[in-house]
Amino acid sequence: MLKREMNIADYDAELWQAMEQEKVRQEEHIELIASENYTSPRVMQAQGSQLTNKYAEGYPGKRYYGGCEYVDIVEQLAIDRAKELFGADYANVQPHSGSQANFAVYTALLQPGDTVLGMNLAQGGHLTHGSPVNFSGKLYNIIPYGIDESGKIDYEDMAKQAETHKPKMIIGGFSAYSGVVDWAKMREIADSIGAYLFVDMAHVAGLIAAGVYPNPVPHAHVVTTTTHKTLAGPRGGLILAHGGNEELYKKLNSAVFPSAQGGPLMHVIAAKAVALKEAMEPEFKVYQQQVAKNAKAMVEVFLNRGYKVVSGGTENHLFLLDLVDKNLTGKEADAALGRANITVNKNSVPNDPKSPFVTSGIRIGSPAVTRRGFKEAEVKELAGWMCDVLDNINDEAVIERIKGKVLDICARFPVYA
């Protein structure tokens, strides 16, 4: 018999200490990594539930195990909410991650060796869009597209590459691009050569759900996303489609199970269902609008302080600082800001002379700070503090002073009150 009062603290002090330290770190550090966010206690309640005990290979109503009558309800709720939220008529909520979702799409639509047009990782793309170190770059013939001198996606070049190489699939989406993607234009290019358009909207799914960023679902053959990041749910993946192509939907389902995965994580699927319901609330739209406002407000401060922002601004939740002119590396900036309890990530910038392990830039995102209640006034102050640190990267007195301000504002805006 398992006793409900069993706990980690009394059993595994070493593990519990690390968990508690991470809890403190999240409360006392300002989180600006664009792909990170804080999920709600409701989501965590679902993830810590007895649903974790249940094997449920297959799909609702078509399971390989008995005893699935209640997890069927859970998964169907998640499916229905995903379809409603994004205007899709197909949803698969089983992928364990965004990368797993992407892998399933490749498996469903392509054969190894097929040509794929994807955004260059060094110019804002993602590992799974064709990086040579990733399965996508190893199994498929990847042709990269990128951005023009203004920092915007170069659709003219994309169309030329498509016409020249005749890819079977074109990938839209990004991990470090601050603009708005023209999904309709990408579909037009894909249709001109008979290619699939696959969009990975992981970074902007929350903005899309709230109507703050254009929805790719009406334009793409297939769309994937993570359920964390701007969507603020559990760590996991999701596949969506629209258009009624039942043959495609069957291929996608088979590519997830049994091709790529076995049993789904039912506790995580329940958490996805909760997060999708939260994303339908009016306050979620207000939150996403503030995410976009906060990113713009931060950009304004950095530009006024003489910092170069890739593309000169942002139209979503993130932006890149190009530190080449400041003679700083992304690695140095990341470390100095970290000492002031401000968490960012080093990131390559267009035509970066440094390696991906050093880089010449940092990526900054507003979802997490907005989640804890920061508005324009707070993020402008924060951006100023970041400039103070970057202007005095070797001055520990300045860094300590900023750290004190960070601790103060974190206490005033707790993540979990």
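Cβ from N, Cα, C; glycine included.
Pulled from Swiss-Prot, these are the features on record:
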BINDING   Leu121, Gly125, His126, Leu127, Ser355, Pro356, Phe357  (6S)-5,6,7,8-tetrahydrofolate binding site
SITE      His228  site 'Plays an important role in substrate specificity'
MOD_RES   Lys229  N6-(pyridoxal phosphate)lysine
Distance, Lys229 (N6-(pyridoxal phosphate)lysine) to Ser355 ((6S)-5,6,7,8-tetrahydrofolate binding site) (CA atoms, angstrom): 26
Nearest-integer angstrom distance between the alpha carbons (Cα) of Gly125 ((6S)-5,6,7,8-tetrahydrofolate binding site) and Lys229 (N6-(pyridoxal phosphate)lysine): 16
Cα distance (Å, whole number) from His228 (site 'Plays an important role in substrate specificity') to Leu121 ((6S)-5,6,7,8-tetrahydrofolate binding site): 21
Rounded Cα separation (Å) that holds between Lys229 (N6-(pyridoxal phosphate)lysine) and Leu127 ((6S)-5,6,7,8-tetrahydrofolate binding site): 16
Neighbour-count leader, CB within 10 A, binding-site residues: Leu121, Leu127: Leu121
